[in-house]
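Take a look at the structure set out below.
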C-alpha cells in the first residue's frame, strides 16, 4: 500500500458525490469497496473497514443474501447497519474485534452491538460473531437457524439470552475460556438455559473449562460436542434426557499430556470416571469420541445398548495392551470407523502387535486407523483377526516404526482399497525370523515431539498432469527406508492398482523384474528417490501401467559420464502420464522419446536449454510422442525458443507450459506450427512487451497466460486475430493502462481478463476505467485487486478511489499559477532584502529571540526562588571559606544584571524548621543543586541527603539538577563522578590550579547553572531525561 495523502474535506465531498452519481447510473461495481460474487454473495473480507459499508441506493441491495465482513476493524454495530439488506440470510463478522488473547498484538478490544442491530434483519438465518470481544449474547431475530459465538468473551448463558429463537438448530460456543482466550472463570451455563430452543440439534461447547455437562439440555439434540473441557466424571444423569443424540464428543477432558501439542493439564489419578450406564440410554448414538481421555481399559457396559454405533474414536489413550486382549468389540457389529491411533506405551516400541480376536466381530468396519501405536514387525499374525472383515476398505498403519513388513498379507483382505504404511522404517519384506519372537518384547524409544503426526503427501509440481490414486486398491509405502525393491515384497498383491514409493532411498537400476507380481498396477509413484534408469526394459513388467512418476530422481542424472536409457517409454503400451520433472536432465540420455499412448509429459525442472544447445542431437526429443496432449517445459532455463524447436514438438499438443524460464522474446507467429494448441502458459518469464507481430490468425488458442512478466507495452490489435481466445491473464506485469484497441471485437467474447497487480496510471478520465467497467463480469477482483500504481497518492489503492484533485480544473490551475508566482517573487525578494538590510534583520531577530527565553524565565521565577542551592561540608573550613568568599561573590555580586540567586544554609534557611524541611524546600525551590566537594570518595550527612533528594527529583520531575564542583581535581574520583563526566561532562567542573583558568571556570559554571542539563548529555551514549508533557 502506498503512502496516504489526506485529501481536503471539500475534495472528499466532491469525490463522494461523483461516485454516488456513477453508482446511480450503474457504471461502477455495485458494492464498492466490496466484491459481488455469484448467488447474491458480497465479499468484504480483509478490507480494514471500520464500519459496515452502506451500499448505494442504485445497487441491487435486495438481491444480497450473504454478506461477509471477516477480518476488518468494525468495533461498533449500529441499529441501521443492515436495515437496507432486506433479504440478508447469512452474515459473517468473524475477526473484527478479537479478545486480547486472540489478538495478534494482544490488544484488548470490546465490540459494541446496539439493541436492534440484528432485529432489523428479520430474514437472517445464519450469524457468525466468532473471534470478537463481546461479553453478552445480543438481541437476535427469531428467524435465526445457525449462531456462532465461538472465541468470544461470553462466559454466562442464561434463559433470557435465547428467548424467541425457536428456529435455532445450530449453536457454536467453542473456545470462550481456554489457554488462548484466558478468562477469570469457566463458562457458566445455567440449568435449563437452552431448554427453550426446541429445535436445537447441534450444540458445540468445546474449550470452555467446563467441569460438568450443562444440565437440562434440549432433548432435540442430535450432536453434542464437549471436548477439551475438564469434565472428568460422567454419570447417566448427565445425559439423561438426550435420547435423540446421534453424535457425542467428550474427548480431551482428561488428557494424555505426553502427546499434547498445546498446553495440557495432567489427568488426575484414577480418572476419568465413567459410570457403566453413562451411555446405555443413548440408543440412537452413531458417533462417540473418547479420544485423549487417559483410558487404560474399556468397560463393556459402556457400549451396552449402542447397537447403532458406527464411529468410535479411541485415539491418544493408553490402550496399547488392551487392544490385544479385549472382547469389547464383539457387540459392535454396526461399527464402520474405528480410530486407535497413538495408543502407544510411553518410550516403548513393541516388537509385535497381535490384535484381539474380537476385532473379527466388526463385520461392518470400513476404516481402521492404527497409526502411532509403535510396533516394529508387521506379519500375518498382526492383522489375522481383520482378514475376515468383509467391508474393511481403509487401513492406516503409518508412523509405527515398522521396519519389517509382510506386505503379502493384504492380499487376503477381500474389500481392501487403501493401506497406508508411510512414515515407517520399512527396509524390505518380513523374513520368517522376523515373524517369530516374544510377543511382549519391546524396545525403549523417546517420546514423540508435540504435534508430530503424519502429514499429507507433498503436492506434485504438475498436479494437473498426474492422476490421483482414487482406484480400487492403493498401497502407500512413501517415507520409508527402502533401498532396493524385490518382487517378493509384492507377492499375492496382483490386485494392487496404485503404489506409492516416494521419499525413500531406492537407488537400484530397475530392469523389468522388480514389479512382476503387480499385474494390475496402473499408477506408480517413485518420486524423490535415486533410481538408475539404465535398462531399456524398465517397468515393462507392468502392462497396465497408466501413470508413472519419476520426478525428483536427480542424483543419477547428475553423475558425470553415466548414460540414461529412456527407451522403456515406448514399451509401455498403456502409459498415459509420465513425470520426469526436476531431474536435472541435460545430457547422455536417449535422443528421442517414443510412445503412441502417452498423453501428458511433465519435463519441468530439467535443462532443456543445454540439450537443445547440442546442435540437432536432441532437436526431435519429443517428436516421437505422437498423441501427446499436455507438455510441461517449465523451469528449463530457456532463454530463447526458436521456431524449429516448436516445429519439432508433437502436433497433437493442446496445452504447453513454459513457466518460469528466462524467455525475453517469443515468436508469436511460430504458434501456427502447433495447429491444435489451446492453452499456452508463459508466466514468470522476462517478456518486456507484446510488440513483435501479433497472435496469428487461424490458431485454436483459448487460454493465454503471460502473468508475472515485465510487460509494459502491447501493440494495438495484438489479440484481435485470436478469435477463439476466452481466457487472458495479464496480471503482475508493468502495464500502465489497458487499451481496448488491444482486443478489438475480441473484448466482448473474453470470459476472463485478469489485469490485477499492474501499476495502472489512474489519471482523471483514464480510458481503461470505462473499458474495465464494461467488461467487469470478466475481470476477476476488479473492486479490490485491480489497483493504481501512480500517481503516488493512489499507489496500491483501488482504481475506484481516484482522487478528483488530480483532474484538470481551471480554477485550481489559476490558483496554482498564482501561488507559484508568489513563491518566485519571495525567492527574489528575500535575497535582496538580506543584501540591503541583512544586519538590521539579524539584530531584530536575535532581539526577539533573546526576549522569549527571558519571558519563559520570568514565568519560571514565580515558582523557583533560587537558581541553585549550594551544598557543602561545613566541617571543612577551606571549602566553606571558598563558598562564602569566592563562589558567592563571583555569582551574586560580580555578574551584574546576570547575577544568580544562591541558597545557602546559614543565610537562607528558616529557623524553627527541621533540617530536613529546610533541605527539601531548598532543593525543590532551586533550579539546580550544586555540590561543592573537596573529595569524591565518600560522602555522608547533609551531602548524602541532598544527593538523594536530587535523585528523587530526577525520578519525579524527570529533571537532572545535579552540578558537581570539585576543588581538588587530582584527588581520587569515584565511579559515579567518572560516569557522569562521560555522559554529561559540562555538569562536572574542576577548580583549576592555575589562576589563568579561573575565568573560564566561572563562565562554564554560569552556563551549567542557567541551562538545562539535558543539553549537555553526550548523544553517543544517551539522550538524557526528557521532561514529561
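Note that Cβ sites are derived from N, Cα and C of the backbone, with glycine treated the same way.
Which of 795-815, 816-836, 837-857, 858-878 counts as transmembrane segment depends on Swiss-Prot, and there it is 816-836.
When other Cβ atoms within 10 Å of the Cβ of residue 469 (disulfide bond) are tallied across all protein chains shown, the result is 20. Around residue 34 (disulfide bond), taking its Cβ as the centre, 24 other Cβ atoms fall within 10 Å, counting all chains. The closest partner of residue 99 (DNA binding site) among the disulfide-bonded residues, by CA position, is 183; the full candidate set was 34, 44, 183, 257, 762.
For the binding-site residues given as 46, 95, the lowest number of other CB atoms within 10 Å of the residue's CB is seen at 46. In the structure shown, across all protein chains, 788 is the one of the recorded positions 74, 788 with the greatest number of other Cβ atoms within 10 Å.
Beyond the repeat 'LRR 18' (543-570), the same-chain residues lying 6 or more positions past its ends with a Cβ under 8 Å from any Cβ of the stretch are 460-461, 466-467, 502, 507, 512, 519-537, 576-586, 588-590, 593-595, 598, 602, 605, 624. Pairs of Cβ atoms less than 8 Å apart link the repeat 'LRR 12' (362-385) most often to 332-355, out of 149-165, 166-189, 307-331, 332-355, 494-517. The predicted model assigns the repeat 'LRR 11' (332-355) a mean pLDDT of 93. Most Cβ pairs under 8 A with the repeat 'LRR 7' (222-241) among the ranges 166-189, 307-331, 332-355, 389-412, 494-517 are made by 166-189. In this structure, the CA atom of residue 50 (DNA binding site) is 37 Å away from the CA atom of residue 264 (disulfide bond). Between the binding-site residues 107, 179, the minimum number of other C-beta atoms within 10 Å of a residue's C-beta occurs at 107.
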